[in-house]
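**Student:** What TrEMBL lists as signal peptide is 1-26. The feature domain 'GH16' is assigned by TrEMBL to 22-220. According to TrEMBL, the active site, nucleophile annotation covers 106. The active site, proton donor annotation in TrEMBL covers 110. Sequence annotations record features per position, and here TrEMBL assigns N-linked glycosylation site to 114.
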């Protein structure tokens, strides 16, 4: 075999290796591989060959999309560039939901629009076994409309962590041993919506949406779902060898813990745990730590 033939064979094998590696990355080549439009397909536009999408809110409609499958444990992330300028009264949401009527499980990122020059607020909320009302709000320490940032939900048997880029902004521990509900039985779909909520979204509804600024545009890309699909292998969710159940993901590491404390000290503006008007007795999950 000549050197040229060997070289060609090597390049072919290497190309096949790259193709195989990409195919198992968990990140779909296009939006429509893992997702479907659920609300107002005229207001969601695919760009960059379907590898990114544009969500549109105007006076006619908002819009939304959802994963084609549901998942039980794993990690979900998306890169999002939020509405620039005056976005008061708008909500861009990225969340997981069991889509069950009464005993609902849900993990929420909600990005609350702002008046120009004011910080963007991200609200997180958790529903476990139908019980929600666990809102926390953080002012983002950067302009999330200037570029894409990664928003991640990590969900395993040990805890749920909400990340902004590499920074954990919220941790919800599994404390079932203390009779604190924890979502672990119901698979959840992945959802996102862009909608008008000026009755509450910005300064408690004091700031109304300015439709002269419409259309309001948000952008998404790099959709990444790695988890146990349902329906799927029956023993997947209980498999301790799933990477998201590994030792490194069972608690925050030292660097993550420092970043978490920094956010809580400098950027948190509301925590249901300390709202004595709503909870005169501190909810038990609030004393669980990280």
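Any Cβ shown, glycine's included, is placed from N, Cα and C.
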**Student:** Round to the nearest Å and give the CA-to-CA distance linking the residue listed as 'active site, nucleophile' with residue 114 (N-linked glycosylation site).
**Tutor:** 25
**Student:** What is the one among the recorded positions 106, 110, 114 whose Cβ has the most other Cβ atoms less than or equal to 10 Å away?
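**Tutor:** Result of the Cβ crowding comparison: 114.
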